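A.B. asks: Dropping a structure here in structure tokens format, bear with me for questions.
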């Protein structure tokens, strides 16, 4: 095979190494992109020629069935130095990861309608925990095997992933760092994700998480059997909420170094399996397609809100949604309450007291959540199950009778 290696073992749109790497992104959600780390490495006119440029191997990664309607068909062609299939057999991870759940039933979970709240998790100082080791399930519903449902996880990590990559065969990961920046290396390239941004790793992509700022913690939502997309805007019209152009995908970057004993950790059916290979999975020199990882800066969200009276439903703050076959019903919505003005006449400004057919998981990235003046801290979480009543605490209720104008912090909200 003709080697695409120039003078370095790592190469990208920047200088090819982590210290001088220049992060360049492709803009747009759902676009069909092309990217090559070495000019001329993408084949022209076809996807899988008899001989690929530079002697690379063509490999397709499909995010939907081959016969899915064109508008919903997701796939990307990867042109790599060595194909992914070149690995040893998978074996159950030893020791087993006991804090992840993929099947939510009475043998694995406990159901309760009681309102729940968790304090922020301490970022561990010891023992060393990477993103995989520091990941644990908080709640969820459905089945990863049946490809319908979701899980909500949290993570607390104090070391970068070294000599291993993670692959989630169960579903998409939406990762929300609350403390500590993440450097996420994927088969399509690198993404730098500080708190205040999110990153989505679609099902099947291999990725590694480094911690350039030291220890990190945050939230992860996982969906089985579907993918995130922008919500329809309905009466809002053509603009507002999250704009497709603000979603950023990586540009091609590859690593060619010989890596004996490199470990692939694959999540399948909620269980972890490992396989070894002698090369980095991040050996993709070029790629094209519409199935790619992406990140989004939550500060770019354009909120809509009340201008006269009453409080808008939280659905108006949906960033991404995972739809079901039932119109108007989501498997999971990713909703934020960003900094915004709440201006209304004769209206109780915090979220109203309510009961909801969707369960609601909430986390706080920074600030003070508008409905919880006490006890709900950044990095913490709460869960209100289906039809469980919830709303502002007493202190918030009393303060807001003063009818003050507010500007709010940034929190996340996962009804599902």
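One-based numbering along the chain as shown.
Using N, Cα and C of the backbone, Cβ positions are placed for all residues, glycine too.
In TrEMBL, annotation is done automatically, which means it is predicted and not curated.
On a predicted model such as this, the values are computed, not experimentally measured, just so you know.
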A.B. asks: Choose the correct range: of 1-21, 22-42, which one does TrEMBL annotate as region 'Disordered'? Give that range.
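C.D. replies: TrEMBL lists region 'Disordered' for residues 1-21.
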A.B. asks: List the same-chain residues at least 6 positions away in sequence whose Cβ sits under 8 Å from the Cβ of residue 390 (Fe cation binding site), in sequence order, or say none.
C.D. replies: 115, 353, 354, 355, 360, 384
A.B. asks: Restricting to the domain 'Homogentisate 1,2-dioxygenase N-terminal' (24-298), what is the model's mean pLDDT?
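C.D. replies: Computed over the domain 'Homogentisate 1,2-dioxygenase N-terminal' (24-298), the mean pLDDT is 96 on the 0 to 100 scale.
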A.B. asks: Where residue 311 (active site, proton acceptor) and residue 369 (homogentisate binding site) are concerned, what is their Cα separation in Å, rounded?
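C.D. replies: Given the Cα positions, residue 311 (active site, proton acceptor) is 16 Å from residue 369 (homogentisate binding site).
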A.B. asks: What number of additional C-beta atoms lies within 10 angstroms of the C-beta atom of residue 354 (Fe cation binding site)?
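C.D. replies: Other Cβ atoms found within 10 Å: 13.
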